[in-house]
Amino acid sequence: MKIFDYENIQLIPNKCIVNSRSECDTTVTLGRHTFKMPIVPANMQTIINDSIAEFLAENGYFYIMHRFDGAARIPFVKKMKERQWISSISVGVKKEEYLFIEELAKQKLASDYITIDIAHGHSNSVIEMIQHIKTHLPETFVIAGNVGTPEAVRELENAGADATKVGIGPGKACITKIKTGFGTGGWQLAALRWCAKAARKPIIADGGIRTHGDIAKSIRFGATMVMIGSLFAGHEESSGETKIENGIAYKEYFGSASEFQKGEKKNIEGKKIWIQHKGSLKDTLIEMHQDLQSSISYAGGRDLEAIRKVDYVIVKNSIFNGDAI
């Protein structure tokens with residue numbers, strides 16, 4: 001198996017067939033809905049909140065609400081359904097989560113999407129939760145993760161998952177690879193390729209995205225959707241504290257298994273970092289959209305499918321040659 005990551009890959013351009021990149025279609029279908037772009041902000045406390053979820057849903061973007069305010073999820077699903085926007089939430093695998101799924105069913109509040117969100121998703125606990133959701137909410141699109149092997153993808157698909165989330169510890173705020181010695185950090189793109197070859201259902205690439213070009217690379221190697229954390233951190237709309245240092249504004253960004261999220265020093269696999277303030281989330285989404293349209297034009301097509309067919313080269317060291325990203 002070839003081992004590489006985003007910084008080791010360069011996609012090879014084809015003849016451009018559009019007169020303007022604005023002709024390129026970045027839409028993607030996941031389940032019963034079509035979205036503006038194949039991107040989703042990470043379901044982390046400093047990345048997604050109610051107001052951001054509402055903005056994304058209203059404007060045709062996919063989102064996954066985090067699971068760290070359990071009591072707020074039923075009111076959230078109700079609100080999104082009342083506004084006729086998609087509802088997309090996260091669950092864990094503890095006993096109370098089973099009761100939560102049953103309560104959704106009892107109230108006839110089937111969320112459009114439910115993501116089973118644990119660090120090591122290739123486990124009996126995730127398989128049992130997939131089956132529980134499908135029993136009580138059969139119409140819900142279930143995303144299960146996180147995983148890093150073809151065996152895990154197939155097993156979760158066979159259990160009933162409609163999509164799997166690939167990536168163990170490659171994110172900027174994740175230290176799983178350091179704390180445990182395991183994960184896809186440093187070879188996330190190769191792991192995505194490996195898993196995609198076995199997958200029969202959509203894959204969400206999760207983690208390791210450092211540039212907008214990495215979105216196109218994820219699509220090339222099999223992702224239907226790309227989950228992004230650090231690039232969506234630090235915006236005006238983002239949750240988390242703001243601090244000023246030497247006249248420059250920063251916003252906090254922490255991993256989902258950090259002590260800042262957990263509130264305790266136990267099984268820590270995340271850290272807190274400060275991200276320079278980036279301004280408006282809307283501006284970042286516009287730039288991502290334009291860059292992805294450019295990627296499609298370089299691929300020689302009019303839609304995302306063109307990116308899946310391009311050739312690539314593996315660069316020996318890094319495409320950045322020491323330049324700051």
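The backbone N, Cα and C atoms fix where each Cβ goes, glycine too.
According to Swiss-Prot:
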{"type": "ACT_SITE", "residues": "Cys174", "note": "active site, thioimidate intermediate"}
{"type": "BINDING", "residues": "203-226", "note": "NADP(+) binding site"}
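Structure coloured by features recorded in Swiss-Prot.
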| residue | record | DSSP class |
| --- | --- | --- |
| Cys174 | active site, thioimidate intermediate | strand |
| Ile203 | NADP(+) binding site | strand |
| Ile209 | NADP(+) binding site | coil |
| Ile215 | NADP(+) binding site | helix |
| Phe221 | NADP(+) binding site | coil |
Whole-number Å value for how far Cys174 (active site, thioimidate intermediate) lies from Thr224 (NADP(+) binding site) (Cα to Cα):
23
Can you count the other CB atoms that lie within 10 A of the CB of Cys174 (active site, thioimidate intermediate)?
25
Under 8 Å by Cβ from Phe221 (NADP(+) binding site), same chain, sequence gap 6 or more:
Leu189, Leu192, Arg193, Ala196, Ala205
Name the residues of the same chain, 6+ apart in sequence, whose Cβ is under 8 Å from the Cβ of Asp206 (NADP(+) binding site)?
Ala42, Gly145, Asn146, Lys165, Val166, Gly167, Pro170, Gly171, Met227
List the Cα distance (Å, whole number) between Ile215 (NADP(+) binding site) and Cys174 (active site, thioimidate intermediate).
19
Under a criterion of Cβ-Cβ distance under 8 Å and sequence separation of at least 6, what residues of the same chain contact His212 (NADP(+) binding site)?
Leu231, Glu287, Met288, Asp291, Leu292
